[in-house]
């Protein structure tokens, strides 16, 4: 029997969507590095860098649910194509703004508004390109791309700027996004899950109805809101850790911040890859909920171990150099645990959501992601300054373990049949 990994890799349409995602994620993180560098050199303040994330997540509050409704009524193929083209053009505006940092925020705001349509469309389109039993593997590859984009975007951003100039990332990002648009163009044409015409009905009334239906659907499906909450919770944790990472490297590990990529980010990516392979092999026999619980337990224990090792580092008996050596395998184990949580949770969300409402569910996820991430992005650095990086690691570890233990008490409840599912049943019979 052919391995699911090979089946997915032989799927040309999946490779086109995955290729588009790889380029999009890489560009996002490379631009993040370049813009953070530019803002800090212009202002000399960390607050200016924090505002970069604020302006990036702000459109989520404006377009979160609306974009999901939009995706459920229009071709996802066209949405992916158009958004890639718009972002390729948007990136080039960075070349003409000089040292006006407020224009940097304006452009990142527009770029993020486009992303509110691209990301849910991508997640909603994936289950149409692969078989149900191949979804865990497909999500594993998307998880690879996320970690790979994070790693290569941050690691290569600096060398690219040193070798070709500070504007090189913007030229390169535009080129890659045009290639991503071509990859999206080659995807098969899809039929919108719902027939909807602006001229035949009140768009805003229909949007309100769809949003309420979406909320009722999510709330009536414990598996969906469970997997969504788990995903959002871990995204929040990752955001908090990303904010305190420089302080952790400097205060705890006592290393050059440029080496964080190799000592922490690279091992996490390797661990995530190994975790994704483990998920593919065990998801059928072990079950998604057990894998999620195991992953949460691993992540929480790793962070507690780092906290206690950091406390030992305060004494002369345990030097920071020793902690650096230990951090390599610990970071890999952390990445392994994250994969055990994120991949089954995302797969469960995709499997349990009907095609007609899938875009709205992922739009809601994107909206809630902004709510979950924007607050820790702004305040984690402040909390680290008040409590200390080590104490914050302890807090995060306890939060993860608490959330994991609470998830063990989760039970499926009765789920009423909603209008959207009745419509799906009629469609399947036809």
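Cβ coordinates come from backbone N, Cα and C, glycine included.
Those TrEMBL annotations? Automatic predictions, nothing curated.
Some features that TrEMBL has for this protein:
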DOMAIN    1-415  domain 'Major facilitator superfamily (MFS) profile'
TRANSMEM  21-40  transmembrane segment
TRANSMEM  52-71  transmembrane segment
TRANSMEM  78-96  transmembrane segment
TRANSMEM  141-164  transmembrane segment
TRANSMEM  170-187  transmembrane segment
TRANSMEM  224-248  transmembrane segment
TRANSMEM  260-279  transmembrane segment
TRANSMEM  291-310  transmembrane segment
TRANSMEM  322-345  transmembrane segment
TRANSMEM  366-384  transmembrane segment
TRANSMEM  390-410  transmembrane segment
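Here the domain 'Major facilitator superfamily (MFS) profile' (1-415) returns a mean pLDDT of 79 for the predicted model. In summary, the transmembrane segment (291-310) lies against the transmembrane segment (390-410): three or more C-beta pairs, each 6 or more positions apart in sequence, are under 8 Å. Between the transmembrane segment (260-279) and the stretches 78-96, 141-164, 224-248, 322-345, 390-410, the greatest number of Cβ pairs separated by less than 8 Å involves 322-345. Sequence-distant residue pairs (6 or more apart) of the transmembrane segment (141-164) and the transmembrane segment (224-248) include fewer than 3 whose Cβ atoms are under 8 Å, leaving the two stretches without contact. Between the transmembrane segment (78-96) and the listed ranges 21-40, 170-187, 224-248, 322-345, 390-410, the one holding the most Cβ pairs under 8 Å is 170-187. By number of Cβ pairs under 8 Å, the transmembrane segment (322-345) is matched best by 224-248 from the list 170-187, 224-248, 390-410.
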